[in-house]
Each structure stands twice: as structure tokens, then as C-alpha cells.
Amino acid sequence: MNTPRATIDLTLADAPIAPAAQAGAPVEVDVTGNIVTGLKKDDAAAVPVGGKRNLFDMDRASLERFFEETLGEKKFRAHQVMKWIHHRYVTDFADMTDLGKALRAKLEAHAEVRVPQVVFDKASTDGTHKWLLGMDPKNAIETVYIPDKGRGTLCVSSQVGCALNCQFCSTATQGFNRNLTTAEIIGQVWVAARHLGNVPHQQRKLTNVVMMGMGEPLANFDNVVRAMSIMRDDLGYGLANKRVTLSTAGMVPMIDRLAVESDVSLAVSLHAPFDELRTELVPLNKKYPLDQLMDACVRYARGKKSSVTFEYTLMKGVNDQPQHARALARLMRQFDNAVQMKDAAKVNLIPFNPYPGTRFERPDEAAIRAFQKLLNEAGLIAPVRRTRGDDIDAACGQLKGQVMDRTRRQAEFRKQLQAQGVGDAA
Ligand code: SAH
């Protein structure tokens with residue numbers, strides 16, 4: 001199938017700051033990615049885009065409401081439309097042949113299904129596939145599909161860039177522009193599923209989604225939760241709850257909120273068993289140190305009666321020593337005990353993936369195996385995640401997209417003003 005190609009202006013230097021909201025909702029965020037102005041929880045579905053509502057923004061509940069309240073139609077019509085969009089990849093209302101003419105005309109007048117623009121896509125020799133998707137005239141994000149024995153995992157982005165500044169992550173070097181809308185998150189799934197010829201419930205090419213692309217998903221809570229609900233809905237992509245995984249650098253209050261408002265697998269980017277080291281690698285640790293983070297994970301695991309995955313990126317000479325392995329094993333055992341469940345903690349070892357300009361290195365194979373062995377001897381499940389798609393820069397931590405960085409620009413602007421003696425005026 002041909003995917004529409006977009007023209008997107010990726011010449012970023014000295015370009016004016018893009019009206020980020022142009023492609024979706026007028027969202028303003030602070031540096032941790034929290035929405036400070038703009039949409040409230042349930043408004044996303046109700047924001048007209050160019051006068052029309054983008055149906056990609058709506059999960060089943062919002063679409064039913066839209067059909068009943070705005071279109072004056074029965075709920076089951078919303079269900080038909082969801083199937084057209086997410087099962088058959090039809091976005092033109094004229095082609096939705098089981099809807100009456102009058103309804104199709106009404107939809108045409110009030111709604112649209114706005115497909116993300118594929119700037120380019122690349123296939124790796126190992127079957128991994130990466131898309132660069134244009135989100136607005138200045139920003140693009142990356143989505144990666146990773147096929148493996150009996151499963152196909154899509155790695156989905158949640159923000160344009162990331163504000164958390166983890167020291168070893170390529171996305172961080174790009175700075176942060178804005179949150180993605182629900183439509184822009186589910187649009188990534190749509191593009192990949194369509195490319196793969198995925199038919200939910202029948203021809204499953206896409207079996208898992210991990211929110212492990214660009215961005216911190218819990219900093220874009222409402223949009224991510226709504227998009228994950230479409231992923232798990234039978235009328236959407238029909239994925240089992242446990243096959244949708246949200247990965248966080250450790251936004252503690254949001255982990256508790258996630259437990260209440262969604263039902264997905266949780267992964268936590270740990271990377272260090274000591275606070276001092278973790279704060280260096282993941283600055284968010286200063287705000288939410290290890291004991292608070294682990295307590296939140298215990299509450300999540302207990303509430304959901306499920307395991308939590310702890311990601312540990314192995315960096316040479318930084319966090320790959322026997323003392324780190326032993327302390328990590330202790331932390332994980334404490335976790336199992338607190339949850340009162342065997343193997344409640346699963347460790348995922350990710351050998352560091354290098355990118356231009358980084359000061360970190362991947363440990364050699366022997367060091368990785370030695371680290372893993374210490375964990376196994378302590379009774380922990382700790383697979384080493386094989387690097388996939390590194391020939392197309394699609395491996396963990398290598399996603400960059402094209403980010404028009406507003407936060408950094410603002411910070412630089414402030415610095416310049418301060419240098420000119422204007423103080424904190426900016
Ligand atoms: N912000 C979320 C989602 C990103 S997930 C989070 O931090 O969990 C991406 C995963 O890859 C995280 O575990 C991240 O820490 C890890 N990662 C980042 N950069 C990496 C790199 N260069 N090599 C290997 N893993 C990396």
C-alpha cells in the first residue's frame with residue numbers, strides 16, 4: 001500500500017518558532033511536560049481542527065458522545081466508524097459503505113480522520129522498520145516496529161522530544177517541544193498497522209505496543225491514556241492489556257494515577273541502584289528518589305497483581321560493576337518481598353546504544369554476561385535485550401526525530417537577556 005508522503009520543512013536553523021498547536025490542540029506544557037494551559041481532561045475530542053474534529057483523537061467513549069451529542073446519531077454508528085478506521089484503515093467517509101448517505105454527509109461536515117504524514121520510512125536488515133512522522137511543519141517524531149518470534153512490537157512516541165534530560169539518551173539532546181495529541185499517538189499505530197496489513201483479531205502483525213519511543217509518557221498523561229485505550233479496545237487494535245506497556249523514568253504521582261485510570265503493563269527506567277548515581281543519569285531522581293519510586297511500583301504491582309519491568313541500560317564503567325549488580329539484585333528482592341509475589345520484578349538489561357556525541361560506551365559482551373550472571377544467581381529473571389534496528393538508528397535511546405526545541409530556545413533567550421543585565425525579566 002502506498003503511504004502518503006509529506007513535504008515537511010526540516011530546515012530548523014533560525015526558523016521561527018512553530019505554532020506547535022497547528023496540527024492539533026493548543027497545548028502549552030511546562031518543562032516536565034505537564035500541560036499548563038489548553039486542554040482539560042475530556043476536551044481533546046471536542047477541539048475542532050480547522051472546524052472539523054479529528055476522529056483519531058477519540059476513544060470509544062468520546063466517539064459515542066460525539067455521535068450522540070453532536071451528530072444526533074446512535075452509539076452503534078460510532079462503533080462502525082471505529083472499525084472502518086482502525087480495522088480497515090479507511091479514512092474517507094465516502095468509502096464507509098454501511099453508513100447511510102445522510103450520515104456520511106454529516107460526518108464530512110463535522111469530522112475528519114487526519115493521518116500523520118510519513119516523511120520517510122526505513123527498513124532494517126533485521127526486519128525492524130522505522131518511520132519519521134511529521135507532526136506539524138517543524139516537528140517530526142519516530143516510531144519503530146520490531147518483529148520477533150511470534151510477536152510484533154511497536155515502539156510509540158509520546159512527546160516531540162523530551163524534557164527529562166536523561167544523560168545517556170539521544171532524544172534528550174534534542175530538547176523538548178510539546179506533547180503529542182491523542183491523534184498523533186494513535187496515528188503512529190495506524191500508520192504501522194496499515195503498512196503491515198494488520199487485521200485485529202485475525203491477521204495479527206502488531207501484537208504489542210511499548211510506550212518507549214520519544215518522550216516521557218506520564219508527562220502527557222491524558223493523551224497517552226486515551227490512546228492506550230484505543231490500542232486495547234476491540235473496536236481499535238484489540239491488544240490485550242498486558243501487551244501494552246508504558247515505560248516511565250519515574251514520575252511517582254503519575255504512576256499512582258495510572259493504576260487508577262488505566263490497565264497496562266508498567267516498565268520503569270531504573271539504570272542505577274543508588275540514588276547518587278541515578279540522579280546523575282536520570283535527573284528526575286532528585287525529585288522522586290529511589291525509595292519513593294520503588295514504593296510506587298510496589299503499589300502498582302499489588303494493585304494490578306502483576307509484575308513490573310525494570311529497565312537497566314548498561315553503560316561501561318558507569319553502572320555495570322559487580323557492586324551495581326549486587327545492589328540491584330537486593331533492590332529487586334526487596335520489591336518481590338514487598339509485593340509478596342515471586343518474580344514481581346523483571347529486569348531488562350539494555351546494552352547502551354551509542355549515538356554521535358555521547359560520552360557513554362557499551363560494555364563489552366563479557367561484562368554484560370557477568371552482570372547478568374550475578375542477577376541470575378540472585379534468582380532474578382534478567383534477559384539482555386538484543387539490539388535491533390541499529391543500522392537505521394532505531395534502537396533504544398537512538399530516536400531523535402526532528403524537534404524544534406522551544407524549552408532550550410527559551411532558556412537560551414533568558415541567558416542572553418541576563419548577560420545583557422536584564423535580569424529575570426524574560
Ligand atoms: N521516558 C520513558 C520512555 C523512554 S523508553 C522512560 O524513560 O522510560 C526508552 C528506554 O530506553 C528507556 O529505558 C531509556 O532509559 C532507554 N535508553 C535511553 N537511551 C538509551 C541508550 N542510548 N541506549 C540504551 N537504552 C537507552
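Numbering starts at 1 and runs along the chain as displayed.
Cβ from N, Cα, C; glycine included.
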Residue among S247, S306, S307 sharing the S-adenosyl-L-methionine site, where TrEMBL lists G215, E216, S269, L270, H271, N353 as binders: S247
Contacting recorded positions for ligand 1, chosen from E142, E216, S247, L270 when the Cβ sits under 6 angstroms of any of its atoms: E216, S247
Neighbour tally for E142 (active site, proton acceptor), based on other Cβ positions within 10 Å of its Cβ: 25
Neighbouring C-beta atoms (10 Å sphere around the C-beta of L270 (S-adenosyl-L-methionine binding site)): 28
Whole-number Å value for how far E142 (active site, proton acceptor) lies from H271 (S-adenosyl-L-methionine binding site) (Cα to Cα): 23
